[in-house]
Amino acid sequence: MADTCFRLHTEFEPTGDQPEAIGQIVANLGHGVRDQVLLGVTGSGKTFTVANVIAACNRPALILAPNKTLAAQLYNEFRALFPDNAVEYFVSYYDYYQPEAYVPASDTYIEKDSSINDNIDKLRHAATHALLTRRDVVIVASVSCIYGLGSPEYYARLVIPVECGQRFSMDALMTRLVEVQYQRNDFDFHRGTFRVRGDVLEVIPAYHHERALRIEFFGDDIDAISEIDPLTGEVLGSVGKTVIYPASHYVSDRDNLVRAMSDIRDELGERLREYQSANRLVEAQRLEQRTMLDLEMMEELGYCNGIENYSRHLDGRAAGQPPSCLLDYFPDDFLLFVDESHITVPQVGAMYKGDRSRKSTLVDFGFRLPSALDNRPLEFAEFLTRINQTVYVSATPGKWELDRSQGVIAEQIIRPTGLVDPVVEVRPTRGQVDDLLAECRARAARDERVLITTLTKRMAEDLTEHLGNMGLSVRYLHSDIDTMERMAIIQALRRGECDVLVGINLLREGLDIPEVSLVSILDADKEGFLRSTGSLIQTFGRAARNAAGRVILYADTVTASMRAAMDETARRRERQQAWNEANGIEPRTIRKSLDTPFDAIYSAASEGGKGKGRGRGRQAAPAVENVAEYGTSPEDMAKHIQKLEREMREAAKELEFERAATLRDRIRLLRERLIEA
């Protein structure tokens, strides 16, 4: 394993509160402190602080983010800071995912259906490959990192080392490649496949798509190894020796597969006896038919669809024992940084229960063996046993993180840019819509943007319609919009294609929009989750990247949460102003590229690796969509996708499954066009 040092590339030096925060965190890590909090306001450079800590400690790091959008943003930032090191991205590789489920009330079985993004799958393989081959690794991940992944022991054991001069026949190498789930394809050469031309074998590893390996044979000996461009065949360089890693994380050697299949048959027999003794013959027949079909496929091909449901047997785990996951690929001394910890920590704790509820129904009614329950995310307690030293990063850390860290907090209030927290003003609710309309028009005249947050979906819809009728360009961000469409709407706001964005609970963490100079919160005095102190502070922060930032709270009373949020914001504002005066700094609005966080990640998708379907999705040919009919801008396409999704759900509700499937395929095609746009 390569032991390369982290090299931080930046023209900036830590400033403001950053040097003290970096020094404090590094010292605590050196003294063995397991849990600590980095309390940093929006725009204070928390990512830069974390990067400096990683470079100073020189240990592998996992950055855990609450969603794909933030993970993509962090991935791009860390790649820029550590260009010479391995910065990888690990999130769910599904563009579309319908989990397997059964609804007893209507006797409806829903088959698993999904579309896998090939580029993200490549990035996941690159992440595990990096962890097994070097130590200078930063992995940016979502909660996908706690879901079951193949055993790192089997994954590492089944690598294929090749070396010039090695006695290794082509037939033997092809056999080994097939065993680790590479496919021979002499015509469509892509990631995870190999081809043969005379005495030359070429393979594209699972963790690459821009480079292939060319292995030349002389008889039964390897004569030469080189890296080539898979498209042009141009030789990029010679290689003395290399290692080919498996094409799937769920790989197993033949002996282990035979043992696992025997265990599956034993479990099947035991389960069938239970059903028969309870006179549940339908469930018994269903389970036997489905399991025997899977076993037959495993016998012939070495894998089956949904093989992850048998992962307990493949790994040799006992019933109830947690699965291997990305955390098991890290060395024991890795560092964990939990970004937006007040959201991410509860999210980690919630994953297990939701997964368990769905799978229990499948097991009870004979669609899966009980061992399928052990293909699951980690329970929260299991997650805690797998992590080492942790830094919880948030502007508003939750009670759990504060208790866990026992008061070990590094505070980062000063923004190096000099930007101060926005001025917060409370206005009465009487005439609030007309007052807000005037404020929005004033911002639009100055080419600035406005975020408005409401408490209910109905209010958001009505307000959006009213502002639109009054001549403003306004968009509504709601929970039915997926990640890519959401980013398209946000980019439209940043480009000035709309002036106002209205939402409910979607305008808090991670929305980095420097063009926003006004955040307006309606019904601010309605106490609750969306108007708690932490939620209000996070929402205020959306206006903290603009020098003219201001927050207007429409309320008839000042609640305890409002008062606490305003007092904390005022404290931070005063501290920043004092620092600015002492250092002669004039606050200036942040200038940020209009590229989305996903541009780098999805770039390969628009070059041909669009994503591969699984389940029924693979067979259905997408209908040709006349995109021009709906406009070619990302916003028009996003709106049409929303319309098609509503039609798809309605069709499924009316049991018009063929129409629903056609609509689904049109949605997939439009999403691919949206990525390209």
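Backbone N, Cα and C define each Cβ position, glycine as well.
Feature annotation from Swiss-Prot assigns domain 'Helicase ATP-binding' to 27-414; the stated evidence is sequence analysis.
Per Swiss-Prot, the feature ATP binding site maps to GLY40, VAL41, THR42, GLY43, SER44, GLY45, LYS46, THR47; the stated evidence is sequence analysis. In three-state terms derived from DSSP, SER44 (ATP binding site) belongs to neither a helical nor a strand segment and is classed as coil. There are 27 other Cβ atoms within 10 Å of the Cβ belonging to SER44 (ATP binding site).
Residues annotated as motif 'Beta-hairpin' in Swiss-Prot: 93-116. Mean predicted confidence for the motif 'Beta-hairpin' (93-116): the pLDDT average there is 83.
Feature annotation from Swiss-Prot assigns domain 'Helicase C-terminal' to 432-594.
The feature domain 'UVR' is assigned by Swiss-Prot to 638-673, with sequence analysis given as support.
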Surrounding the recorded ATP site, with Cβ no more than 8 Å from the Cβ centroid of GLY40, VAL41, THR42, GLY43, SER44, GLY45, LYS46, THR47 and those residues left out, we find THR49, ALA395, GLN412, ARG415
Write out how many residues of the motif 'Beta-hairpin' (93-116) are helix, how many strand and how many coil, based on DSSP. 3 helix, 15 strand, 6 coil
Pick the one among the binding-site residues THR42, THR47 whose Cβ has the fewest other Cβ atoms within 10 Å in this structure. THR47
VAL41 (ATP binding site) has its Cβ surrounded, within 10 angstroms, by a count of other Cβ atoms equal to 27
